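**Q** Have a look at this one.
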Amino acid sequence: MVDSATVGLIYSAVIGIVVFLIFWVLFELLKNSRPHIFEFRKWIQDYEENFKEFRNENGEFVGYLPNQPPRGWLTWLTVPMTVSDDEIQRYLGYDVCLYVISLRNKVFYFSVMGAIACIILIPVYATAGDKAAGGVALLSMSNLETGSARFWATFIVDFVLVYLSVIYIMIECRTYVKRREQFRAENIAANYAVSVMDLRKDRNTEELVRQDFEMALPGEVEGVQLTYGSAYLRKKFNLYRTAQNKKEVAQYQIDNGKDGKRPRHHTVPCTCCCTGTVDSQEYWSEQQTTHAEEIETAQEKMDPKVVKPCDSAIVVFKTKKSAAVAAQTKLFGMPLDSYTIDRQEAFKSVHWHGMRLSYLAGLGFSINLWVWLVVVLVFWAPISAAIMGLANLESLAGIPAFSWLVDILSASEAVKGLIEGFLPPLVTIVLALLPAMLMMIFAGLERHPSLEKVHNKQRTMRYIFLFFAQFLYIVLAGTALSYLDVLINDPTEIVPLLAQAIPEQATFFLNFVLTACFIGNALALSQVVRMIVIPLFKKFFKTPRQRKGAQTFGAEFSYVVFYTSTGLLSTITIIYSSIAPLINLFAVIYFVLTYAVHKYNLLYTHYCNYEHGGSMFWGNLQWNFVALYLKTLTMCGIMGLNEAIGPAIVSAINLIPLLVVHVFVNKRYGTVAWYGSLEYGSGKPAQEEVNPNYLPQYKTPELWAISDVPQLKEPMEDLEENFYDAEERLKDDLESQGTGESESKVVEEQTAGGEEEAVALSEEVGANVEQTTSA
């Protein structure tokens, strides 16, 4: 008879596949009529004047591939696979390239691991057993007898998998460093600038900071931008934005009002009468003008009481090499000795909040972050226990307070499988979203000079929380609940039972992987959240500025979230790769589907407003080492508790070479990956002079003129979401198919046509829109 755990696994597979197929069909039916969602990178190019904030420091717009986005059925699977890594790096950036590479490498890695583990260990586990294992537990270490010689087979496979993982990590490191060296050789602002924090009060001027760096690197400093902080100016900019939005809403009401009346603004608290009211459009226009004048006055006066210099600055160097040297050089006995110097990113990625904070304020925010992490983890422990209670109803039913669960247990295995197998992983994933987001918010308040540092810290804190919430607490709570009667009657017996209980939790993680695979990727592919939220926003948002903001909702790809999710699943799979070999195959399915969906999304559907040069890839490698340490310790513990002393001792010895390789990797690749090579042998000269426009871009945002802030510019009125009519496009597609032209040929012709053909296509699209509008 199939047990409830196996039934739950079947539920996870069936429900997940059905949900994915439904959302897949929905995606295929709707993608061609919603280019502002499924072809966002291409779509936004046609609104260049509206979306100035999507340009980078070199004036380049959001990257997009020159070929036509895939529009036929199943083409989202085939067309992106023809795009090479170098093309992705060239058109879309290093972040996209390295993330796609990481997913593809995980497919090959877990495929090899799964083949080795399943071919050898499944027969070993399946043919063993005096234990009461059943269902999928028969194919795990739970079915091995205490002291069995079969543990040596497990050790041999585990030994092979560990060193196979080391080889995989080394290959990943070389790939990462190669791309990072190319990134550091690019002619972008991030490769010429460094951030300087903890400036001494007696040297807190641009001239003195420049002198300090000129002493170390004579003639290499292009300029210095001191960071300023002004709560007054930030408040005035917010009031200016509010007045601007209110004015535009009033103008919309005037243009679209049915009664012809102009809206009125109440200047007194009482709204029950018409006294104390003024014309709303005129009032907010005057307020906008007043705030603009006050901003300009404060910027001109630069009163130290209003605009205060902070203890940080951004230094731009004349060459990439001098910036790389400055970022990693410590000159003792000089003023630079007291400075905190690090790489800085492009101006859009400067973390101005962190640059304004003092050392003590930053320390306070860091303490606050870790305190909140501890508090959340403490409160999450009983939540995890409650979730695992769903997976162990039979154990709970033995307690008098939960005797009512007997009625549920008396139901069919199908009902028990749904509750004990499918629901716990789903509930775990959903409930963990809010605390994980809370950790990201608190991490964003820390004292970091760039968003690259912020996002890496957010990824780390999110990973730590999810590791406890979705792995460690689950293992501990599941183990305790599985043998709750033993824990209550004789707590000393729980330690020997851990050897059997820990492998038994593999069923939960098999369900966890399947749920994340099908349901998570179904939501990512269909973009159902954006398809629901954007029309709702457009229904309530009326002004061009508001509608513009609605158009870009959910378009930004969160590397923090997805690097964490894929990294955690890799960690779980590595730890359980020898305990339950089936998890390797499930991980392959997960990463194959995630690779296909995310590659399509990154190439066409999503964008990222920042370029970090793929730096999050490095943290993913560090998590692999953490997983290998935990895997080795877990196997030692399980074998020791099962009285397999020989395999346990030999497994422990694996920790030594792992530590040696980890130290070597960090020392060999870490510095060059972060700071860049001083040779720059990728064909781009290291001494290429800096673009003089880079230095002014690092001016503190409070000191920007209102006309220089892209978000405050007046948007164009034409924000029609379909820049060419969907029916016309489908008609064109049918005509092209009728002439016998294949999609690949069309793509080649479009790519070869270059800018001239793009202009012609734009004119044709404009004509189609005009014809449709007039009709």
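Just so you know, glycine gets a Cβ as well, placed from its N, Cα and C.
Where the annotation comes from TrEMBL, it is an automatic prediction and has not been curated.
Okay, so TrEMBL annotates it like this:
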- 6-27: transmembrane segment (TRANSMEM)
- 9-170: domain 'CSC1/OSCA1-like N-terminal transmembrane' (DOMAIN)
- 107-129: transmembrane segment (TRANSMEM)
- 149-171: transmembrane segment (TRANSMEM)
- 192-328: domain 'CSC1/OSCA1-like cytosolic' (DOMAIN)
- 357-383: transmembrane segment (TRANSMEM)
- 369-639: domain 'CSC1/OSCA1-like 7TM region' (DOMAIN)
- 422-442: transmembrane segment (TRANSMEM)
- 463-488: transmembrane segment (TRANSMEM)
- 508-537: transmembrane segment (TRANSMEM)
- 557-576: transmembrane segment (TRANSMEM)
- 582-602: transmembrane segment (TRANSMEM)
- 623-641: transmembrane segment (TRANSMEM)
- 647-665: transmembrane segment (TRANSMEM)
- 725-775: region 'Disordered' (REGION)
**Q** Which sequence-distant residues neighbour the transmembrane segment (357-383)? Criterion: at least 6 residues beyond either end, Cβ under 8 Å.
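**A** Sequence-distant neighbours of the transmembrane segment (357-383): 197-198, 310-311, 431, 435, 438-439, 442-443, 445-447, 461, 464-465, 468-469, 473, 477.
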**Q** What parts of the chain pack near the transmembrane segment (623-641), using Cβ distances under 8 Å and only residues at least 6 beyond its ends?
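**A** Long-range Cβ neighbours of the transmembrane segment (623-641): 141, 151, 154-155, 158, 162, 165-166, 168-169, 172, 463, 495-496, 498-499, 502-503, 567-568, 570-571, 574-575, 577-579, 647-649, 651-652, 654-655, 658, 662, 665.
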**Q** Is the transmembrane segment (557-576) packed against any residues at least 6 beyond its ends, judged by a Cβ distance under 8 Å, and which are they?
**A** 95, 99, 102-103, 106, 110, 165, 436, 440, 455, 458-459, 462-463, 466-467, 470-471, 506, 509, 512-513, 516, 520, 583-584, 586-587, 590-591, 594, 598, 601-602, 606-608, 612, 616, 619-620, 623-624, 626-628, 630-631, 634
**Q** For the transmembrane segment (508-537), find every same-chain residue at least 6 residues outside the stretch whose CB is under 8 Å from a CB in it, and list them.
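**A** Hits for the transmembrane segment (508-537): 8-9, 12-13, 15-17, 19-20, 22-24, 26-27, 30, 34, 36-38, 76, 136, 388, 391, 421-422, 424-426, 428-429, 470-471, 474, 478, 546-547, 549-551, 553-555, 565, 569, 572-573, 576, 580, 582-583, 586-587, 589-590, 593-594, 597-598, 600-601, 605.
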**Q** Sort out the residues at least 6 away from either end of the transmembrane segment (422-442), same chain, that have Cβ-Cβ distances under 8 Å to it, and list them.
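**A** Answer is 8, 11-12, 15, 365, 368-369, 372-373, 376, 380, 383-384, 387-388, 390-391, 458, 461-462, 464-466, 469-470, 474, 508, 511-512, 514-516, 519-520, 560, 564.
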**Q** Quick one: mean pLDDT on the domain 'CSC1/OSCA1-like cytosolic' (192-328)?
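**A** 87, rounded to a whole number.
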**Q** Per DSSP, what is the residue tally for the domain 'CSC1/OSCA1-like cytosolic' (192-328) in helix, strand and coil?
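**A** The composition, in the requested order, is 70 helix, 30 strand, 37 coil.
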